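What TrEMBL records for this protein:
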DOMAIN    B:58-258  domain 'ABC transmembrane type-1'
TRANSMEM  B:12-36  transmembrane segment
TRANSMEM  B:57-82  transmembrane segment
TRANSMEM  B:102-124  transmembrane segment
TRANSMEM  B:131-151  transmembrane segment
TRANSMEM  B:180-200  transmembrane segment
TRANSMEM  B:207-228  transmembrane segment
TRANSMEM  B:240-258  transmembrane segment
Amino acid sequence: MRRLWITLTYIVVAVVLFLPLYKIFTGAWADGFSGFADALLRPQSLHALQMTATIVLIVTVVNTLFGVMLAIYLVRASWLSPFAKRLCNSIVDLPFAVSPVIGGLMIVLLLGPNTVLGTMFNNLGVQIVYALPGMVLATLFVTFPIMVREVMPVLQEIGDQQEQAATTLGAYSWYTFWKVTWPNIRFAVMYGVVLTVARSLGEFGAVLVVSGNIINKTQTATTLVYQDVENFNVVAANGIALVLAAFSIMLLLLMEWTKKRKEVH
Amino acid sequence: MNSLFRSKPWSYSFRTIVFIYFIGLIIIPIVGIYTQSFSQGLASFIDSLSDPLAWKAVLLTVKLAAIATLINVLLGTMIGWVLTRYEFVGKSILNSVIDLPFALPTAVAGFILLLLVGPSSLFYEWFGLDLVFHEPAIVIAMMFVTFPFVIRGLQPLLEELDQSEEEAAYTLGSSKTRTFFQIILPTMLPGILSGAMLAFSRAIAEFGAVVLIAGNIPGKTLVASVYIFGEIESNNPHGAAAVSVLLLSISFLILWFIHKLNRGGQA
């Protein structure tokens, strides 16, 4: 019985997870190394990868800062009533339930070229939709809950006794944060960062809607894969997909590493 | 007492900035899409939804997502069980690789599935089954992206399950099957349920993995998220917003239910 279950598990995992990985690692070399290199060195590929890197960087920094602060407020703040905390706590999760395409649509509806706000920003010389700011906003929306969800349980678990002790002993609030709170939450924050990077690297639907997918302007790595497939340029798509998959596997290993560290504390 | 943010002038501005960000990024867009879709009156909202292509797309999405979730519940329960209960070679590798669908970009996932079961694949040559551009391909895509949810929902509960309860059942002469259904399954059920609901809400929202392999034939393989995308592309934001509101409301209901379920489990 037990043998049977273990074998079945191996078969399912092999078919569902290992087979796709194998396919992507072999498919990119279908035209030899030069095919792979050509796919990657096209100007649009380089530009798309650079675009993705920019978005990942901005989103991760902003999301980490605001996520950690909001988590601290939602757990610790005494100026928020319990009801307000519960309400905010439920609202934080909403982006998880929103289809990425709808997330993109929301931003187009609010800030698109035909809207009041969009025209206002346009007059100021800032284009939001079909440009980088909109894509960053869309990715921020999609990744928002990740950091809050990782940090909040840890803050709840450690309690605020140590922080109070530090304050009683005369530590300033900033000092208390760095010396008392941060060491406790740092692995949760790191785990959140890894998840945020993974999600923003792979974000597709929201970015596709907001960016308009303009080659060499607003195209990201994932939307380039989409376009290559639509153009039946399978080998090129496979090259970019391989790069993205390699990053995902690295992130997966990091996830494992931080998860173990997180559990020690 | 909150010791971190004692009343200092800058702590007030911090609070304000964080909450403006929160409201601006999350609340305003969601409220915005609801007001947009009703901005031309209820009649126009109903009109957008009664387009046969629109409601067929939503129905198809719900149906296929339910199938994908069911498959995941069965496979996920088995894998979650094996990974917590048995010791065997390669267990930790399997356990780490489970999260792969979360780390892999969904567009890449869709692309690989296209390679694996598409018209030029070995699978097609061997079995002659034309999956791509038909419903099974969409189910496979939804299943792949939501694969980890049930397993990850289940594992913590199985780890916490008190072995002595199980042993007690055996000592009292209960059979293996009976113990499983009366002792083990009730413990696992909340995890399976919340995992399944997360998987379902993710599956009805999925876009990247589906758009490449569904073929998007209106009325046949066009799922809701792809329909919304098409409406945006053809410059009909109101139709897109109406279907979005319907889809969002389903997802919010599920999310609310998960919240309730989790709170019930903790109490």
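FYI, residue positions are counted from 1 along the chain as it appears here.
Every residue, even glycine, has its Cβ placed from backbone N, Cα and C.
Automated prediction, rather than curation, is the source of TrEMBL annotations.
Segment contact holds for the transmembrane segment (B:207-228) and the transmembrane segment (B:240-258), given three or more CB pairs below 8 angstroms at sequence separation of 6 or more. Proximity of distant same-chain residues to the transmembrane segment (B:102-124), defined by a Cβ-Cβ separation under 8 Å and at least 6 residues beyond the stretch ends, is recorded for 130-132, 137, 140-141, 144-145, 148, 206-213. In terms of C-beta pairs under 8 Å, the stretch of B:131-151, B:180-200, B:240-258 lying closest in packing to the transmembrane segment (B:12-36) is B:240-258.
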